[in-house]
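Participant: Questions regarding the structure given below will be posed in turn.
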Amino acid sequence: MNAPLAGIWPWLPLLWAWLVPEVSSSWWYMRATGTSRVMCDNVPGLVSRQRQLCHRHPDVMRAIGLGVAEWTAECQHQFRQHRWNCDTLDRDHSLFGRLLLRSSRESAFVYAISSAGVVFAITRACSQGELKSCSCDPKKKGTAKDSRGTFDWGGCSDNIDYGVKFARAFVDAKEKKGKDARALMNLHNNRAGRKAVKRFLKQECKCHGVSGSCTLRTCWLAMADFRKTGDYLWRKYNGAIQVVMNQDGTGFTVANKRFKKPTKNDLVYFENSPDYCIRDRDAGSPGTAGRVCNLTSRGMDSCEVMCCGRGYDTSRVTRMTKCECKFHWCCAVRCQDCLEALDVHTCKAPKSADWAVPT
């Protein structure tokens, strides 16, 4: 290695953290890190409280890191038909680039779904016996009653209270150090995400008795599939409430007095979103050039909306598909592999070449 570069190399993580605009949730970068000590010391932007928790609970950090892929995939599912599709940047420690420097509705959703993802990942790891600091919910013991009568707590109830508590301590740590509008917004949306997971905690039971008479029941609490949380937060995104800081700077109020004050379950934002039509570094917009659009749709994924009126290119592609499926007794369905030709429509690039500049 070149001698001058050899001297600089040990300082690159610090240099990177200094050069990149500060984004609150640098812990998202944990999905790409290695061992716990390397992760705790080199993830840019972690505050001291987050590093303390990271060193103290390496097994929890592994669960959080694995969970990043899950909630980013859910974000991409929810936005799959929109101009901004929750695409991540592998070489950016914020995952989403400058998008999160804006206090937009999209930023609100990302903070909420990521906070929810941490709760879900930690709680699941607790129930699976992967964490030293928690296990199944210790409070769910003995006998209890519901609308169907008496039952015994059994099995392994998901310890969601631990997941919520740890997620709040870790995720909110950096926001609590700031008193600005963005910090307050992020804290609110983080909490909304945590509450969303808990909202879908459901009681599951197993019956015991002769011929399934259910004379005895054993029950436990279980989290629903994360898709339910994603769908719920998506509805909250569509109904997100624009707010402004109050006069003393300790909270916010609705920007439009015709709207009700946001509840703890609502998502809030300060800034209007860009249209995401063209690549814009400052707005965190990747643009829609090259995105696949639906020629027959009238929704957000239509070629007219997705391509922002620029038009689209059409290419003929072939794909392998199942065909001539037949049911065979008993009990299988057998199909042939067939080649299918179809048209794929992709959005044209703007006439200006600026869109092609990499972010």
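Just so it is clear, glycine is given a Cβ too, placed from its N, Cα and C backbone atoms.
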Participant: C86 has a disulfide partner in Swiss-Prot; which of C54, C75 is it?
Facilitator: C75
Participant: Taking Swiss-Prot as the reference, C207 is linked by a disulphide to which residue in C214, C219?
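Facilitator: Going by Swiss-Prot, C207 is disulfide-bonded to C214.
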Participant: Quick one: of the disulfide-bonded residues C136, C277, C308, C335, which has its CA closest to the CA of S211 (O-palmitoleoyl serine)?
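Facilitator: Of all the candidates listed, C136 is nearest in space.
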Participant: Cα-Cα separation of C156 (disulfide bond) and C219 (disulfide bond), in Å?
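Facilitator: Distance between the two Cα atoms comes out at 9 Å.
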Participant: CB neighbours of C303 (disulfide bond) within 10 A?
Facilitator: 22
Participant: Taking the Cβ of C207 (disulfide bond) as the centre, how many other Cβ atoms fall within a 10 Å radius?
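Facilitator: For C207 (disulfide bond), the 10 Å Cβ neighbour count is 12.
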Participant: Would you kindly give the Cα-Cα distance separating C331 (disulfide bond) and C347 (disulfide bond), rounded to the nearest Å?
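Facilitator: Between the Cα atoms of C347 (disulfide bond) and C331 (disulfide bond), the distance comes to 45 Å.
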